[in-house]
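Right, one structure below, let's go through it.
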Amino acid sequence: MITQAIFRAIDRKAIWLVSILLLVAVAVPAANLIIPPGQFGHIPVYLVTLFGKYLTYAMLALALDLVWGYCGILSLGHGAFFALGGYAMGMYLMRQVGDRGVYANPDLPDFMVFLNWQELPWYWLGFDNFWFACAMVMLVPGTLAFIFGFLAFRSRVTGVYLSIMTQAMTYALLLAFFRNDMGFGGNNGLTDFKEILGASVQADTTRAALFAATAVGLAISVLICSTIVNSKLGKVMIAVRDAESRTRFLGYRVEYVKLFAFTVSAVIAGVAGALYVPQIGIINPGEFAPANSIEVVIWTAVGGRGTIIGPIIGAVLVNVGKSYFTGAFPEIWLFALGALFVVTTLFLPKGIVGLIGQYRTMTTRREQHQRPEPTEHKPASDVQPKPAE
Amino acid sequence: MPVIKPFAILMLLLGLAFAANTPSLAQAPDAELSTLVDALGPGSFKDRTAAIDALTQTGDPRVVPVFETLAAGDLYMVKTSGKVVFIAKSGAEQALTDPVTNADLDTAAKSDLDKVKVNNSLRRTLRTAIGQLTLLSPNDSVRLAAAQSILRDADPDSLELLESAIANETDPTIKATMITARAIIILKLDATSLEQKRAAVPLVAAIGGRDALAQLSAALASAPDELKLTIQSNIDGLARDQAAWDVAQNVWYGISLGSVLLLAAIGLAITFGVMGVINMAHGEMVMLGAYTTFAVQETIRQNAPGLFDYSLAIALPLAFLITALVGIAIERGVIRWLYGRALETLLATWGISLILQQAVRSLFGPTNRQVGNPTWMSGGFELGGISITYSRLWIVVFAAVIFFALLLVLKRTALGLQMRAVTQNRRMASAMGIRTPFVDAMTFGLGSGIAGLAGVALSQIDNVSPNLGQGYIIDSFMVVVFGGVGNLWGTLVGAMTLGIANKFLEPYAGAVLGKIIILVLIILFIQRRPRGLFALKGRSIEA
């Protein structure tokens, strides 16, 4: 009874969250376009783009939370799915440049002309079509995650081994995309975009529309994730996280559960990347850097893993902090980020959202005994040195 | 030009006649030689030729550098005194050196100096004269050096000189070098006869290696048809030898890379194996070790430059101590609160690695730091067709020493016994009275200290920058994961396999693609053996 009530509450929370995001999707572009500059309430276009970027990060963090927070798979390679989605979108945008590039070649992007390529490689075909590109945005990361996950989960690669493998995966992709012969622009990546769906990527209206699209995308991701985690499958995922062997002995196919979560998560990450690229205006191999992927983990951890709203809060907060610190005190940023990793893992195992929960349980101490914690397998107060098994 | 050439030959003959007459070419008195050198300065090119002639006839080895400087157009004459001097830039002025005695003279402004001019015919005369002074020098080592230099350059113009030198040569080694040099020149020249060329081919082939291959390939194009088959078969033979040596060279490079990987990974293998802790800050321990070396070298440079060759010996214990202490501090401060939560440990140590990187960046600056090689680590040597640099050789030796020392610690000391016990079954070890927290701290200290030692070694071959550790961390993980946890031999095999496989893939796939292939192969390998090559057996491993 009690647990059911809690789940209903989470569901209601998700609905609230989706409503807020949809409101933001309408209000922010409106505040940018309708309210004239200088007047109270006007949001300058650079802020719209900046927060659009944060929302794509929030989507990425949410995707990671689905596998880490709910399924116990710490992926250190989610940046790779994000970047792959970004590249798919970048390829579409590149094709839209057409003959307006520096070399005015109607078919080939500038970097291919520069490298003396004669024709478009086969894997670039079709990317002039927006919907094809959109399909690829989801298919490419999804397929990679499916294959990688299928191999890894089937042979029961778990824990830190899996983390290291995902890191190796993104590192291999980083190296691969740095190569000029790969046909993805090498070191410089894809940039100098002109238009998306016929609208200039520089225009204020396009930027506002992209922001709205990102907010809506995030809202949809929240819906998908909360539906999954509140379903029976979601409960199995949590069971896998908390006691994998036990779940397997109960007869569940743990590897399929994990594979499902991993693939869905990769697709969400890919879409986030696709929304990120037109707003930022560039995608390069640096997005594959293992350090980026680990940073995503800390956004999720800071916000609170195993919750839907946590990663969104975490991603936005950490990135606002990053924007501020790297501008104001560039030396301090890495200290702050490093400290954030240590402090979060030591003192905030449930993140900021968990902190609110901790506060609430402190005020209503008696209730705590009756209410089990379904989303966290270890109580926050358990910081006693405990031997590894 | 055609007028000059017979003249040069005449000069040569004159010189040869002289050289033959005076087998013991004694050193001329300084004053006399100085007068002759000074005669190079004034007058026309013709006068200069006469002066060169006179200098050649002294047969004095000190003339050679004068000629070489003159040929390079770097010989100067002081306007006022008419003295011919070597110059070297020293501030705004030029520092003068006496060409004969090598004594330092005054400094002078460039405007007070006249360049001793040379033209092409004079250069040719000089070359002949130098050859004569060196190839025909009474000193064995001078002759050998001269023969080797001709072997390198294979200048067709020196053929006549070489012929006469071979005729006069008594030392068999030097004679052989000269004959080989002659063979190369013969193959190069069109004028030589077919018989001469046929005889020359095996001589050139006998040099072996890439040099011979290049010489023969060049000769093949211009060779007469009758000779082409001989040359081709020699080339094939050489190419086969070369391929074998290339394999050997690749193995060596692979071992060298493997040792680097082993050094970087072995500390990680210990902490991971014993404590199940993924230490993402491991690379930064390597970096700290490298910076310790840098700091030690800086201190030595400023206070006791004579000790520079011992800088690494001083840096090793220091680096071990510093990184071990940092490691113990990390273990006591952060990691011990996170046991049993491996993924959180991974994140916390990643945070520590960011802090350490930024700390070093703030202290030492973001740019690469120069760490010098002691003299005993610079240079290299050839072993058959393999070239081996001393720095790489020492790193291989060092890695082997560390490996076996560590093996000894694990197998023969009380701490090692306790560490192995904790690796195999932590609870049982604890029940037997082993202080597992103490063992954890010591293990982490040991692993970190070894990373510091690796940093000292890597500072010799890599850029010392705050990002040094980042470059090794993924590779080290690959080695540990591939080799299997809790077994040092696994780490050794893993490091060597990855190193050699990498170097063998490189020529075919390129460095980057080779690395990608290796990563993909490891990812696939882990599917087959999720616990690595040498996995610990037993239920305790399954978390």
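Glycine is treated like the rest: Cβ placed from N, Cα and C.
Taken verbatim from TrEMBL:
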type	residues	note
TRANSMEM	A:14-35	transmembrane segment
TRANSMEM	A:41-60	transmembrane segment
TRANSMEM	A:67-89	transmembrane segment
TRANSMEM	A:130-153	transmembrane segment
TRANSMEM	A:160-178	transmembrane segment
TRANSMEM	A:208-229	transmembrane segment
TRANSMEM	A:256-277	transmembrane segment
TRANSMEM	A:297-320	transmembrane segment
TRANSMEM	A:332-356	transmembrane segment
REGION	A:364-389	region 'Disordered'
COMPBIAS	A:364-380	compositional bias 'Basic and acidic residues'
Closest-packing stretch to the transmembrane segment (A:208-229), where packing means Cβ pairs under 8 Å, from A:14-35, A:41-60, A:130-153, A:160-178, A:297-320: A:14-35
May I ask for the residues of the chain that lie six or more residues beyond the transmembrane segment (A:41-60) and have a Cβ under 8 Å from a Cβ within it? 28-29, 31-32, 35, 78-79, 82, 204, 207-208, 210-211, 214-215, 217-218, 221, 268-269, 271-273, 275-276, 279-280, 296, 299, 311-312, 315-316, 319-320, 323
Top Cβ-contact partner of the transmembrane segment (A:130-153) among A:14-35, A:160-178, A:256-277, A:297-320, A:332-356 (pairs under 8 Å): A:256-277
Long-range CB partners for the transmembrane segment (A:160-178) (under 8 A, at least six residues beyond its ends), listed in sequence order, are 73-80, 83-84, 87, 148, 152, 184, 186-187, 189, 285, 288-290, 293
Same-chain residues at least 6 beyond the ends of the transmembrane segment (A:297-320) with CB under 8 Å of its CB atoms are 10, 13-14, 17, 51, 53-55, 57-58, 60-62, 64-65, 68-70, 74, 76, 218, 222, 225-226, 229, 337, 340-341, 344-345, 348, 350-355, 375-376
